[in-house]
Amino acid sequence: MDVPITAVHTFYVLLLLLGRTAGVLIAAPIPGNRPLPPLATLGFSLCLSLALLPQIAHRVGPIPPSLVLLAYFVAQNLVFGIMLGYIARFLFTAMEIAGSLSDSQMGLGFINLIDPFSELQSSLLSAFYNQLSLVLYLLLNGHLLLIAALATSFRLLPPDAPLLHSALGLAILPAIKTVFLIGLRLALPVIGVLFLADAALGFMARMAPQVNVFFVGLPAKLLIGIMTVAIILPALAFGTGQLMLGIDRSLNLLLTKAH
């Protein structure tokens, strides 16, 4: 719907655009939990909003008559942007799940590191997988896919359109289930190899009871686990690429359901 473009209406559209772009940047992997000052996040959101403003302004209806309705439009755009950003984080979530499962099998589950960015605890291998995910996310242009999805969302769903309804939940739930399944699949090689190592140690304990299997097994499992992770790194990179395609499909599905 074409409406007269005035200074007040332009500011209203910019406010709605700012809500959605800020939501994406708050939840997205980059900057997301990175040490970016709030003013920098706001400035980046403003730059994206200004870049999109000429294409969106004429598609937004007139200014709502009440402040309550205006606040609702801004809030729903913020929530929708956060949903888009969290879908982009699915890659990191799956890798962290794989790292935590592998750490528990390698005997490193008791070692926790403090992530200086998010200030949260994470296991050793989970932190390594998280950094690997960050590198692969940038190499595979995940940040550009997210910006493209954001621009597409404004084309399909104007900022003043109804965004929050039950279809969104139906679109997100299968994606969440898929993330946990992918995390388990990424950890399966390490879990499988260490299961065989446990079986071999059990056989050794039966054949040579005088050997202290605990002191032998703990460093052996750690070494085997590290070697397995090193061997499967190329496969992890390939799996990450497939997961990025899945994230792109999930973003498109979310936009389709919301539309």
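Residue numbers in this text run from 1 along the chain shown.
Each Cβ is built from the backbone N, Cα and C atoms, and glycine gets one as well.
Residues or ranges marked as transmembrane segment in TrEMBL: 6-27, 39-57, 69-92, 134-157, 163-183, 190-208, 214-239.
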Recorded stretches the transmembrane segment (69-92) and the transmembrane segment (190-208) touching, at least 3 CB pairs under 8 Å: no
Stretch in 134-157, 190-208, 214-239 most in contact with the transmembrane segment (6-27), if contact is a CB pair under 8 A: 134-157
